[in-house]
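J.: Not my notes, these are from TrEMBL:
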type	residues	note
DOMAIN	23-174	domain 'Cupin type-1'
BINDING	ASN68, HIS73, GLU78	oxalate binding site
BINDING	HIS71, HIS73, GLU78, HIS120	Mn(2+) binding site
Amino acid sequence: MQSGSVSESRDPNLATAEDFFYSGLQKPGNTSNPLGSKVTTVNVDQIPGLNTLGISLARIDYAPYGLNPPHTHPRATEILVIVEGELYVGFVTSNQLGNKLFTKYLKKGDVFVFPEGLIHFQLNVGNTNAVAFAGLSSQNPGVITIANSLFGSNPPINYNVLTKAFQVDKKVVDKLQAQFWWDNN
């Protein structure tokens, strides 16, 4: 066993097969929510043996026209493979690169990469369910859902910041901050 592959606070000699095992990805996630998607993560929180190994994965289920909304992983690149359905996917580059949008329509067996830290999304463009699996280059990639972070923060971001940043009036910000922001993770 690789040194340090189980929690640093735990003696590696006490590790068992259960520290390297997860069962459940064969089960579809519940997509009965406003986004129509569910992300089931398998990272160091579910498999302690992933600690320090720099890898994790997720299953993403999409209802017809379901969305995995714009988000970023601050500590990981993501590689997505479609196993069922058809998705419209994309990411946006940084300000320095002109915020260029890269998009693609993906079908079963197609693969797409989202570079570390860049905002990206997936939309089921079909009238049937879709399923994808994502590999991530961190045992703890993190996720920041853009709308949730900006309009659902606790405490709320001052409306002066948001009205100026989005160039909208206070009523728009008030409406966005008042609604419930769904977390599909």
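Positions of Cβ are set from backbone N, Cα and C atoms, glycine also.
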J.: Between ASN68 (oxalate binding site) and HIS120 (Mn(2+) binding site), find the distance joining the two CA atoms and give it rounded to the nearest Å.
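T.: Rounded to the nearest whole number, the Cα-Cα distance is 9 Å.
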J.: For HIS73 (oxalate binding site), which residues of its chain lie six or more apart in sequence with Cβ-Cβ distance below 8 Å?
T.: PHE114, GLU116, GLY117, LEU136, SER138, PRO141, GLY142, VAL143, ILE144
J.: Measuring Cα to Cα, how far is HIS71 (Mn(2+) binding site) from GLU78 (oxalate binding site) in Å?
T.: 12
J.: Looking only at Cβ atoms, how many others are within 10 Å of the one on HIS120 (Mn(2+) binding site)?
T.: 23
J.: Note the mean pLDDT of the domain 'Cupin type-1' (23-174), expressed as a whole number.
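T.: Per the prediction, mean pLDDT sits at 97 for the domain 'Cupin type-1' (23-174).
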